[in-house]
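Database features, via TrEMBL:
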type     : residues : note
TRANSMEM : 83-103   : transmembrane segment
TRANSMEM : 115-135  : transmembrane segment
TRANSMEM : 155-171  : transmembrane segment
TRANSMEM : 183-199  : transmembrane segment
TRANSMEM : 208-225  : transmembrane segment
TRANSMEM : 260-281  : transmembrane segment
Amino acid sequence: MDKLHCQFPSRTCCAMVFTEPQTVMGSSQTCSSLVLEANLALSMRDYLKSHGVRPKGSVEYGFMNHRAPANGRYKPTCYEHAANCYTHAFLIVPAIVGSALLHRLSDDCWEKITAWIYGMGLCALFIVSTVFHIVSWKKSHLRTVEHCFHMCDRMVIYFFIAASYAPWLNLRELGPLASHMRWFIWLMAAGGTIYVFLYHEKYKVVELFFYLTMGFSPALVVTSMNNTDGLHELACGGLIYCLGVVFFKSDGIIPFAHAIWHLFVATAAAVHYYAIWKYLYRSPTDFMRHL
Ligand SMILES: [Zn+2]
């Protein structure tokens, strides 16, 4: 027998569902009333499933859940939770090593500061994302904690976008107007953070619009640089992010959609790292020669 205990919007309901044939001995309840009760509970379960709510304590082991309601969050299955955690957790160490390498390859103070900014954005993205997905998987009953980490997961994306452009904006020569993008991109990141504080999960399309605007607007400035080395890789990474957005918005339509989105992010971040390492910092062979 399985106990279904849930919270409807207006009242608390509790019902018993018999999953195996039962013998009712010495009970005042008739079989027909039990069947009626079981039917009620089953339809309640269908109702909850269709609204993305699972019975308390139950675990979903499928490869994909139902789509989330417009103003609610998608609930990944156990396998999806695991994939979401591992796809970003495995990138934390490479991100730290990669950041340290850029710092070592820096020629001057400004390159060092830029390596720090970029490295912190890169590492923060994978660390915050991994922690959020672990909390969402293992500590989902701690609603406030999960909500805070979800907000951090969203905020860090704005800072990651700003940090990804920082090496190009800081280390390449820009025109007098374009150079304003150096500080304006951080203003946009701060604006995005405030937006998450105020309207987190309320207007998902607006949130996506902000991410894309922030992702594309510095590209207009960067492409106007005299030195265009590395811009192909920069555009290629941007295209990979854009393709990944299709999966970012496909929870409940494509199994493991969010984990696939993570892989797109990882690939795009790797392409951007390669371009920064190759075109903006001293080559490792040159560095070894001067040791
Ligand atoms: Zn994620």
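Positions of Cβ are set from backbone N, Cα and C atoms, glycine also.
Using a Cβ-Cβ cut-off under 8 Å and counting only residues 6 or more beyond its ends in the same chain, the transmembrane segment (115-135) has close neighbours at 81, 84-85, 88-89, 91-92, 95-96, 98-100, 102-103, 105-106, 142, 145-146, 149-150, 152-153, 156-157, 159-160, 162-164, 166-167, 170, 262, 265, 269, 273, 276, 281.
Most Cβ pairs under 8 Å with the transmembrane segment (260-281) belong to 83-103, among the candidate stretches 83-103, 155-171, 208-225. Tertiary proximity for the transmembrane segment (208-225) is limited to same-chain residues at least six positions away from its ends with a CB under 8 Å from its CB atoms, namely 157-158, 161-162, 165, 168-169, 172-175, 178, 181, 185, 188-189, 191-192, 195, 231, 234-235, 238, 241-242, 245, 248-249.
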